[in-house]
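Undergrad: The structure's right below; bear with me while I get my questions together.
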Amino acid sequence: MVSISASGGYAMPCCCESQELQSSDMETPAVGTPEFDRNVPRICGVCGDRATGFHFNAMTCEGCKGFFRRSMKRKAMFTCPFSGDCKITKDNRRHCQACRLKRCVDIGMMKEFILTDEEVQRKREMILKRKEEEALKESLKPKLSEEQQKVINILLEAHHKTFDTTYSDFNKFRPPVRSKFSSSTATHSSSVVSQDFSSEDSNDVFGSDAFGAFPEPMEPQMFSNLDLSEESDESPSMNIELPHLPMLPHLADLVSYSIQKVIGFAKMIPGFRDLTAEDQIALLKSSAIEVIMLRSNQSFTMEDMSWTCGSNDFKYKVSDVTQAGHSMDLLEPLVKFQVGLKKLNLHEEEHVLLMAICILSPDRPGVQDTSLVESIQDRLSDTLQTYIRCRHPPPGSRLLYAKMIQKLADLRSLNEEHSKQYRCLSFQPEHSMQLTPLVLEVFGNEIS
């Protein structure tokens, strides 16, 4: 006969497996045990059942964990009725407690790892306290309200409706013409869809009741003055001598098209339609070029510092924009702005909120109801700040809101430089005649 003692006394027979599963002692890593592969099934070292982890310094199942804990705490002494070398399995582990306890000791289970009742109670209290702290922390964490989430969803939809990532409409512009000195060349499209660009049609393009006439969703024929009609043979721009600024006609069409899309986006901003038509126009005239610069970041590529809008014909480098009349006084800070904005890695939600905040700026010239504009912008700003705290993980979220607001300040400087260069361009008739009525209306008649 072989006796296995746990410091004297007999333990009551194990009446049911469920009692063993109620063990609450601390699970401990095995002393000196090498790392194991978590993908490999873990087997209890005592009975061969599925193990749940290291318990009291050995890999065991919940049943053997509970059996060892009770045996040690009760100082049980078991006697094997056989030869003392019973094979312990999942099915017979309750038949011989002596050999089962011996097996527990043999695989390295140690009573020193067993918690006292007081330690168990303290552990339970610590766990409960930690859960309560986590619940409190979660409850204090800012959350987007239903209204804020609705605003974000509306802005996302507005952006998707007014920003074509295929850039298919670019084929409707007067074709890009790059001089032989440019680093890139472009071929003309076989069929060119052009616009009637006579400056005589510029009257009342942006009239006070123009907003009510804009169809939704946005379509090419948004403005009566900008009818995109197909020409049978060649564009009117092909009948004149190649201008000194060969890219101006194409980029003028691109900017005109972009203004239309900005107007469409603005109309869907919650609260924008609550403003008077005069204030809507004032906001759009002042912010249009800034929002275009913001939106263009989606096509900006840092690898070669270009704007890629589909095919190579519509891949724009700084040299292309200089051939439309702009100087490095604008382009150098513009590229720097694009790089900085790209590095912020904004979520699309943050991007559309920034565009809306840019448009709804109460300090724009000509705005009458500044308090209403400010209240709309404040709601958008609050939504952006809450979104960053809730959805933008660190470290990218650190000071992100402040960095985004700084980008709006940078846009003001770019806007000012663009206006200066536009005025120089528009004072030259041979260049101003290449501009569209909408471009002339938005950038030409400055609000004082």
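Glycine too: its Cβ is placed from the backbone N, Cα and C atoms.
Quick paste of what Swiss-Prot says about this protein:
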DNA_BIND  41-116  DNA-binding region
BINDING   S258, R295, S299, H326, H418  calcitriol binding site
MOTIF     437-445  motif '9aaTAD'
ZN_FING   44-64  zinc finger
ZN_FING   80-104  zinc finger
Undergrad: Identify which of the binding-site residues R295, H326, H418 has its Cβ surrounded by the largest number of other Cβ atoms within 10 Å, counting every protein chain shown.
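TA: Max Cβ neighbours within 10 Å, all protein chains included: H326.
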Undergrad: Where does S299 (calcitriol binding site) sit in the DSSP three-state scheme?
TA: coil
Undergrad: Could you list the residues of the same chain, at least six apart in sequence, whose Cβ is under 8 A from the Cβ of S299 (calcitriol binding site)?
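TA: When sequence neighbours closer than 6 are ignored, S299 (calcitriol binding site) has Y167, W307, T308, C309 within Cβ distance under 8 Å.
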Undergrad: Rounding to the nearest whole angstrom, report the longest C-alpha distance spanning S258, R295, S299, H326, H418, listed for calcitriol.
TA: 20
Undergrad: Please average pLDDT over the zinc finger (80-104) for the predicted structure.
TA: 94
Undergrad: Under a three-state reading of DSSP, tell me whether H326 (calcitriol binding site) is helix, strand or coil.
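TA: H326 (calcitriol binding site) sits in coil per DSSP, no helix or strand.
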Undergrad: Could you put numbers on the helix, strand and coil content of the zinc finger (80-104), residue by residue per DSSP?
TA: 8 helix, 1 strand, 16 coil
Undergrad: Which residue counts does DSSP give the zinc finger (44-64) for helix, strand and coil?
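TA: Final tally across the stretch: 3 helix, 7 strand, 11 coil.
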Undergrad: How do the residues of the DNA-binding region (41-116) split into helix, strand and coil according to DSSP?
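TA: Each residue of the DNA-binding region (41-116) counted once, the result is 25 helix, 12 strand, 39 coil.
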